[in-house]
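Colleague: Have a look at this one before I ask anything.
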RNA sequence: GGGUCUGUAGCUCAGUUGGUCAGAGCGCACCCCUGAUAAGGGUGAGGUCGGAGGUUCAAAUCCUCCCAGACCCA
């Protein structure tokens, strides 16, 4: 007789094969069609808010792995906060203005660009940015990121631009803005100032010159060095790799603490840092020399020097920025061409002299070099020095030098009129540092990092001489250069115009419209703002344009480079505007590297393309990798790592599938078993689930997603696959379909599935949604409409049975069974029977109470327990567990196999009607069914 | 060159304030099952905790230096 039909095998349509690449789009379509995100907003209405403010990606290019990580981490945060009972909206944004897009237009339109009017050029930029947004948006959605994709904030929206102007007005009113002359990175090709972020460092070959600055007053020098008369002319030697800045030289800086030597070469006297005398003389080819005297740099302050080719006398000054690692220990100082030079120049009231025009040529009237391009002038400078006898030595040097990130060409420092947000004049630095201390930084070292940047950083140059950006809507007086007295009001007027007509409204504006008869006295500023100001004012702009977003945000979440980027600019604008941080917490993640720890780059060929992963393994596998990786450090990805992740995905998926399969025929509304009637091990399973759930929730709250991955995966493999589901299979399969023992297991599995699907949802969003649809019982349309599973309290009490000890015994028995298996005595554990001899009386009595059910723990056909002292000589000692000895005897069983439950039992055939069945199968097939209390 | 970090088995990660802390899962090898089956179960082999010094009765855990890597800056 065939009893197979009496066995309750798992039954589910939930597919084992994920086929994510094909199936995920269906889920996306469902979310789209049923407006899942919008419905979630309705459902969450009234809950406490959790605002994650999106840092806008730049609207240029296809998304890469870094984007994917960032968006998925945000999505995990938002979804987990939602499941945690918050109203957690997600309004994505895009950063739209700025140089890279201008360049993109220049590149694609070619020469035609030059003919474009600025207005048309901006239109082209706008259209391009929009196309990029649309492309990126599809990719972000495909990752499973849920958000208000139909109403993102884009920084080129007229409303955003107008609000940005309002934010600026407030900052101006608060006294942070000034106009100044300052050396800024200047790209000769852009003809524009560059932000730090627009500069990158590349190797460059530069001339390296040692130049004489002759001492004007030899007697003064002699006195300072404490020597009598000097027999030869003396010079301070400076070392420079930018000879073209020598025309702008205003001083020579020495380190106050360093020692400087007066060295006689026979023909002349040189002044050099003592520790550098040797290398300098060596390269200059001086063979014999005598050190006459030595003093601290501080002693030489104010010494008068002759400029090497101009009729200009410059002083020796002191600066802590001077180093004696290379060069001569004497630094040529041109405040118009260097930040440190500028700063030290302020102190010594040096002139900020800049003879270089925006085109990178010396301006008309520059002696000797008028009209020459700066880098070309290097050679000329060197010739002039030679002629004047002021060149000690010349060579070439390869060093890291600032380059324009777009043009890849060397940039210069050039003093120009720019608009600044001052770090000091209205206490911005102080306020920012104070606010940094109030923010929670994850990981904690982020605080140190941004604080040290904030403490050091110079004033923020917010002006750009470009086209595609939000204007600095200012009028300056033609004679005095002062801002119009009603500037704040005027900006508001401009903001209203921009709100209607976008930024073109400003560029097209006739000043008379706002200034009427004053118009002729004022100049309309043509600069635009640094794009960092755009995104940096999102904390102000977004809440003004989207009702779901409020400020300050609960969290900003970006890559660790944003300590200098968006975290930084946002903090500055927010403190300047409101004197508070724009965020309560900041979370940063690392960058992607390959399995060898190297950064991903095209040249190394180790770049992982997210679209490709999604198209093969699926977004959920990529999401799982993101969750599984500790984002605090670098995040390594390679084919092997992806393979591992995909394998663990399958484990989790199959666990869910098995649970669903066993829930076949279970209706939670009618079939749930009360805790008091549940089988002990089922209650253990629910308890264990509850324990884990607490850990999972805690990990979500502390953003430790990789722990969730570890814990949940372990749960599936060890607790469920390796124990609970393994031993429960027998009961679910063989007891009556509607019997209490089976319903008890189903009740546990039901709660496990309810919990599991929710744990997974923020990470494996597609899979969780898929599982959700196969779960029994009435339920909402989407898993995301729910909060964490509530497990019945009476089921989650700590079990009185010492299950950990039983699990230990189980492992010990498994080791013994393995020996039999390897000896060929048994195959499956059901071929064996086991006798346990325990010294722990409590464990002994518990297991004795299990009675016939004990065998199910080991999945053996029989299992018995006895006091330790009755053990036979050949009993094998199990590994110690809490000082309690256990001895094991396993042997092949001699009983006959029941064809239905496959246990080998002595009572097989006792019932004449079912000659092939064991006793419990008989009762399960047509009797009242077996009882189970423990397993 | 400076700042901020990271470096535990092939992979991903645990290792509280220094004292069973050398762990887990995966992978791998071998075995079993064939009623979760392009599944499932079991056993086992893998690490001188990046390297070298030092502090300590005792260090993966503290200090110094070095090496490798990441981000930011110069």
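For all residues, glycine too, the Cβ spot is worked out from N, Cα and C.
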Colleague: Between A:589-593, A:594-598, A:599-603, which stretch does TrEMBL give the note motif ''KMSKS' region'?
Modeller: A:599-603
Colleague: Among the residue ranges A:35-45, A:46-56, A:57-67, I'd like the one that TrEMBL describes as motif ''HIGH' region'.
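Modeller: Going through A:35-45, A:46-56, A:57-67 one by one, TrEMBL gives motif ''HIGH' region' for A:57-67.
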Colleague: Between the Cα atoms of residue A:602 (ATP binding site) and residue A:558 (L-isoleucyl-5'-AMP binding site), find the distance and write it as a whole number of Å.
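Modeller: Taking the Cα atoms only, residue A:602 (ATP binding site) lies 23 Å from residue A:558 (L-isoleucyl-5'-AMP binding site).
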Colleague: What residues elsewhere in the chain lie close to the motif ''KMSKS' region' (A:599-603), defined as a C-beta under 8 angstroms and at least 6 residues from its ends?
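Modeller: Tertiary neighbours of the motif ''KMSKS' region' (A:599-603) are 65, 591-593, 637.
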Colleague: Might you list, by sequence position, any residue in that chain lying six or more from residue A:558 (L-isoleucyl-5'-AMP binding site) with a Cβ less than 8 Å away from its Cβ?
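Modeller: When sequence neighbours closer than 6 are ignored, residue A:558 (L-isoleucyl-5'-AMP binding site) has A:55, A:70, A:565, A:566, A:567, A:588, A:589 within Cβ distance under 8 Å.
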Colleague: Provide the three-state secondary structure of residue A:602 (ATP binding site) computed with DSSP.
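Modeller: Assignment for residue A:602 (ATP binding site) reads coil.
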Colleague: Within the domain 'Zinc finger FPG/IleRS-type' (A:897-923), count helix residues (DSSP H, G, I), strand residues (E, B) and coil residues, in that order.
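Modeller: The breakdown for the domain 'Zinc finger FPG/IleRS-type' (A:897-923) reads 5 helix, 3 strand, 19 coil.
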Colleague: Treating G and I as helix alongside H, and B as strand alongside E, what does DSSP give for the motif ''HIGH' region' (A:57-67) in helix, strand and coil?
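Modeller: DSSP composition of the motif ''HIGH' region' (A:57-67): 3 helix, 1 strand, 7 coil.
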Colleague: Mean pLDDT across the domain 'Aminoacyl-tRNA synthetase class Ia' (A:27-637), rounded to an integer, is what?
Modeller: 92
